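Working notes for the structure below.
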């Protein structure tokens, strides 16, 4: 026990000092950053180190242990975008992702360009000076907020696509945040014609029809930082950060909903009503890959098709009917380049697979869990995890990030639609308890939404812990015990 605690403190001290792990020597099983604003991260499992890639346009957010949008990671808001902007339209986005991000880390952060206005410059005043302990907005319509504890500030950001609501002191949909009223702009006259075929050339441009051939380029002129529609009933949206426009793609089968500013099911998007959408073909039950070396696949059960995603860094094997590492997937071996094909298929999952731990495919450790269940998909509590039972064979798959599996509709949907989710209007899925048999994913997990007890899963073994300090509870997002006053769910 003392050894595990000591290793945990060593890992936290290493991260706090700015020294990043390059291997798993003396490191606990888990996820680790390998640098600032990096699109890759390190996974440690049984002492074995693996470098995993985030989906396209995302970087690793170490406090939340997920791949996240750059503007959601404190200190990375302006990095990597300036050089991409200078390289020109069309190929500019693609080159910005390669050399742009690298140069952003080398020079962008150091010079403080973009919105990095003096972070870490030593000139900032203490924002908690004279404030009582509690949560505060960073100002206006923003995803950023901070906690003041004993005159010390801790800066956080809401998970995409939520914004901080001062009135309720929690993250909420943008449409419900008073400070954001009047900032939701839907321009039906210009944004619908030939949007962004040139802009999207570096990111999944296959989803765009290409009409306009780049003559119209989305712009953030006159718009505050945030998310905006990019057309009517389209599978992409516009993000504005520091005046720079980017077209982002929704996960497979989802359409951007301008009313709540999230990627949503077409049935819930008012603009799509009356428009024909192709129904997925699902003649036989089973699991079917989206293509060569892909992290996305379709689960067919009782004639219904459900789009699923492998955990981060894994690909779906049609032959083995499971998610696995690239070198164990035949489709990836046949591809010409494992690295490039991995990133290409990773784009399909969008923000959907960022929070997964990257451990191998998640076959359940309890083979008897499907004995009393029918063949099909079953929810594992209020979580993105899905239990698959097929003739006694057990697998665990995942819904996209921020979604949970709804057993009534048999789709991945928002938490408030699931009977197993008791907390409404929250995406703090990492804090929900997991079922006792499911210890296939290595890491630290809370025993409840506001609990002083937590447990560690390592190689299928479960170890229980209790926070030592009075009023301390375990935060799954921070992977450590924190004061209960700093967690919104404890208020």
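FYI, residue positions are counted from 1 along the chain as it appears here.
Placement of Cβ uses the backbone N, Cα and C atoms for every residue, glycine included.
For 200-210 (among others), the entry in Swiss-Prot reads compositional bias 'Low complexity'.
Sequence annotations record features per position, and here Swiss-Prot assigns compositional bias 'Low complexity' to 356-367 (among others).
The disulfide bond annotation in Swiss-Prot covers 54-67 (among others), and the record cites sequence analysis as its basis. In the three-state DSSP reading, residue 67 (disulfide bond) counts as strand.
Around the Cβ of residue 158 (disulfide bond), the number of neighbouring Cβ atoms within 10 Å comes to 20. Annotated disulfide bond per Swiss-Prot: 158-171 (among others), in sequence order, evidence recorded as sequence analysis.
The disulfide bond annotation in Swiss-Prot covers 250-263 (among others). The Cβ of residue 263 (disulfide bond) has 25 other Cβ atoms within 10 Å, all protein chains considered.
Residues or ranges marked as disulfide bond by Swiss-Prot: 310-323 (among others). Taken residue by residue with DSSP, residue 323 (disulfide bond) is part of a strand.
Taken from Swiss-Prot, the feature disulfide bond covers 399-412 (among others), and the record attributes it to sequence analysis.
Residue 481 (disulfide bond) falls within a strand segment according to DSSP. Note on residue 481 (disulfide bond): other Cβ atoms within 10 Å of its Cβ, all shown chains, come to 17. For 467-481 (among others), the entry in Swiss-Prot reads disulfide bond, with the evidence type sequence analysis.
For 21-78, the entry in Swiss-Prot reads domain 'Chitin-binding type-2 1', with the evidence type sequence analysis.
The feature domain 'Chitin-binding type-2 3' is assigned by Swiss-Prot to 217-274, with sequence analysis given as support. On the 0 to 100 pLDDT scale, the model's mean across the domain 'Chitin-binding type-2 3' (217-274) is 82.
Residues annotated as domain 'Chitin-binding type-2 4' in Swiss-Prot: 279-334.
Swiss-Prot lists 367-423 with the feature domain 'Chitin-binding type-2 5'.
The domain 'Chitin-binding type-2 6' annotation in Swiss-Prot covers 436-491 and is backed by sequence analysis.
Per Swiss-Prot, O-linked glycosylation site is recorded for 197 (among others), and the stated evidence type is similarity to another entry.
Look at Swiss-Prot and you will find 201 (among others) tagged as O-linked glycosylation site, backed by similarity to another entry.
Annotation comment: Swiss-Prot describes 1-18 as signal peptide.
For the disulfide-bonded residues 54, 67, 158, 250, 310, 323, a Cα to Cα distance of within 10 angstroms from residue 399 (disulfide bond) holds for 310. With DSSP states grouped into helix (H, G, I), strand (E, B) and coil, the domain 'Chitin-binding type-2 5' (367-423) comes out at 7 helix, 22 strand, 28 coil.
Applying DSSP to the domain 'Chitin-binding type-2 3' (217-274) sorts its residues as follows: 6 helix, 22 strand, 30 coil. There are 22 other Cβ atoms within 10 Å of the Cβ belonging to residue 171 (disulfide bond). The stretch from 21-78, 367-423, 436-491 that makes the most Cβ contacts under 8 Å with the domain 'Chitin-binding type-2 3' (217-274) is 21-78.
Secondary structure from DSSP puts residue 171 (disulfide bond) in a beta strand. Of all the disulfide-bonded residues in the record (54, 171, 310, 323), the one with the smallest CA separation from residue 481 (disulfide bond) is 171. Summarised by DSSP class, the composition of the domain 'Chitin-binding type-2 6' (436-491) is 6 helix, 24 strand, 26 coil.
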